[in-house]
Amino acid sequence: MADEQGRDPGRRDGRVRVAVLFGGQSDEHDVSLRSAQTVIGALDPRRYDVRMVGITRDGRWLSGGDPMAHLVAESPMFALGSGAERAASGGKVEATAPGVLPAAMTGDVDVVFPVLHGPRGEDGTVQGMLELAGVPYVGAGVLGSAVAMDKPMAKTILAQAGLPQAPWLLVTRKDWDREPDTVAAAIAQRLGFPCFVKPGNMGSSVGISKVHDAAELGPAMAEAAHFDRRILVERGVNARELEIAVLGNDEPIASVVGEVVPSNEFYDYAAKYVDDRSELIIPAKLDGTTLIHLQGLAIDAFRALDLAGMARVDFFLDKDTDHVFVNEVNTLPGFTSISMYPRLWEATGIPLPELVDRLIGLAMERHQSGR
Ligand SMILES: Nc1ncnc2c1ncn2[C@@H]1O[C@H](COP(=O)(O)OP(=O)(O)O)[C@@H](O)[C@H]1O
Ligand SMILES: [Mg+2]
């Protein structure tokens with residue numbers, strides 16, 4: 001049966017043709033490779049004909065052969081070469097010029113599974129391209145992706161929807177360069193120390209610092225400003241970090257709650273991906289009332305941001321006051337074999353192969369129902 005785009009999921013050998021996108025131009029390139037390996041491994045080859053599409057750090061799209069092997073090997077050939085090149089595994093990989101899409105993206109697939117984290121992947125840009133190509137894709141649309149990725153914008157919308165958040169201030173790079181003393185005074189007065197300084201638009205803790213006193217503010221602002229013109233400064237919460245997975249379109253469901261116990265002073269890049277010592281506790285030890293409250297907030301946040309498919313909603317539970325705050329919403333959460341999102345569903349009764357099936361089904365459903 002063909003859909004309105006003339007695509008026929010039953011064509012050829014009856015398998016659904018899924019393009020899995022990975023790599024990308026953000027600082028989370030490597031995390032994306034690991035997430036995509038998990039997704040690809042979970043797609044049942046009897047049901048899915050998987051096409052790998054890799055995106056290099058400089059924005060070239062690789063298809064055919066084994067783009068995963070290429071990106072994993074970070075072949076220096078790719079930094080220099082152009083046109084078709086040989087994959088490490090022997091198959092022929094086609095590389096486009098930066099920003100040019102491979103033919104594999106524009107008509108030869110039934111659904112796209114973007115497994116890209118961070119800017120130019122999770123932020124609505126790739127989603128916009130897929131809308132233009134008229135192809136169903138897993139996860140949130142343009143608007144939800146863009147808003148959720150942008151921390152200050154997401155906070156504004158979540159505040160409007162009445163969701164509790166830690167107090168915060170938005171500072172531009174220019175503000176800081178011109179009037180550091182005024183900005184520092186506002187931070188000290190309205191947020192106090194410790195506070196957290198973050199690039200407006202990033203992920204995986206890239207560019208984030210915990211600032212213990214005024215003296216540490218300068219280097220932290222410089223670090224965040226390196227990644228974005230807009231910098232978010234947030235009151236530090238003495239927090240338990242709790243996370244909930246959400247799945248669905250118009251009727252999303254929430255998973256059990258997981259807890260992260262970071263191996264470092266906070267859940268920084270090293271604690272997330274390097275040292276492997278951070279602990280994930282699933283399910284988190286919580287009383288029933290808090291559990292239900294958090295699940296309700298997770299679904300409210302998903303709806304407020306107009307998300308689709310999946311999201312992981314992260315919370316802080318203040319150890320001193322028991323208050324809960326929404327920290328952030330990730331529309332393309334980590335999907336590595338040890339990541340919270342797939343593990344939360346596993347613990348809720350949806351094993352990984354079923355999870356990727358459902359996500360693909362939700363992508364098709366959303367595409368068919370129009371916006
Ligand atoms: N306001 C805060 N209070 C306490 N810890 C924070 C705060 N903001 C961030 N952190 C710590 O920094 C980590 C990364 O911050 P987060 O906003 O989640 O950024 P990312 O999008 O990079 O994951 C959090 O998981 C937490 O450990
Ligand atoms: Mg986070």
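Placed from the backbone N, Cα and C atoms, the Cβ positions cover glycine too.
In this structure, Glu28 (active site) belongs to neither helix nor strand by DSSP; it is coil. Taking all protein chains in view, 25 other C-beta atoms sit within 10 angstroms of the C-beta of Glu28 (active site). As annotated by TrEMBL, active site applies to Glu28 (among others).
Annotation comment: TrEMBL describes Lys151, 196-198, 204-205, 234-241, 327-328 as ATP binding site. Taking a C-beta cut-off of under 8 Å and a sequence gap of six or more, Gly236 (ATP binding site) has these contacts in its own chain: Ala166, Phe193, Pro194, Cys195, Phe196, Lys210.
Across all of the domain 'ATP-grasp' (155-361), the predicted model scores a mean pLDDT of 94. The domain 'ATP-grasp' annotation in TrEMBL covers 155-361.
DSSP assigns Ser204 (ATP binding site) to coil in the three-state reduction, placing it in neither a helix nor a strand. Just so you know, the Cβ of Ser204 (ATP binding site) picks up 21 other Cβ atoms within 10 Å once every protein chain is counted. The active site annotation in TrEMBL covers Ser204 (among others).
The Mg(2+) 1 binding site annotation in TrEMBL covers Asp314, Glu328. For Glu328 (Mg(2+) 1 binding site), the same-chain residues that are 6 or more apart in sequence and have a Cβ closer than 8 Å to its Cβ are Ala148, Lys151, Ala154, Val313, Asp314.
The Mg(2+) 2 binding site annotation in TrEMBL covers Glu328, Asn330. For the recorded site, Glu328 (Mg(2+) 1 binding site), the DSSP three-state label reads strand.
Taken from TrEMBL, the feature active site applies to Ser339 (among others). In three-state terms derived from DSSP, Ser339 (active site) belongs to neither a helical nor a strand segment and is classed as coil. Sequence-distant contacts of Ser339 (active site), defined by Cβ-Cβ distance under 8 angstroms and a gap of at least six in the same chain, are Ser35, Thr38, Pro333.
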Alpha-carbon spacing, Glu28 (active site) to Ser204 (ATP binding site), which is rounded to whole Å: 7
Sequence-ordered recorded positions from Arg240, Asn330, Ser339 with Cβ under 6 Å of an atom of ligand 1: none
Candidates Ser204, Asn238, Arg240 (binding-site residues) - the one closest to Asn330 (Mg(2+) 2 binding site) by CA: Ser204
CB contacts for Lys151 (ATP binding site) [other CB atoms within 10 A, all chains]: 24
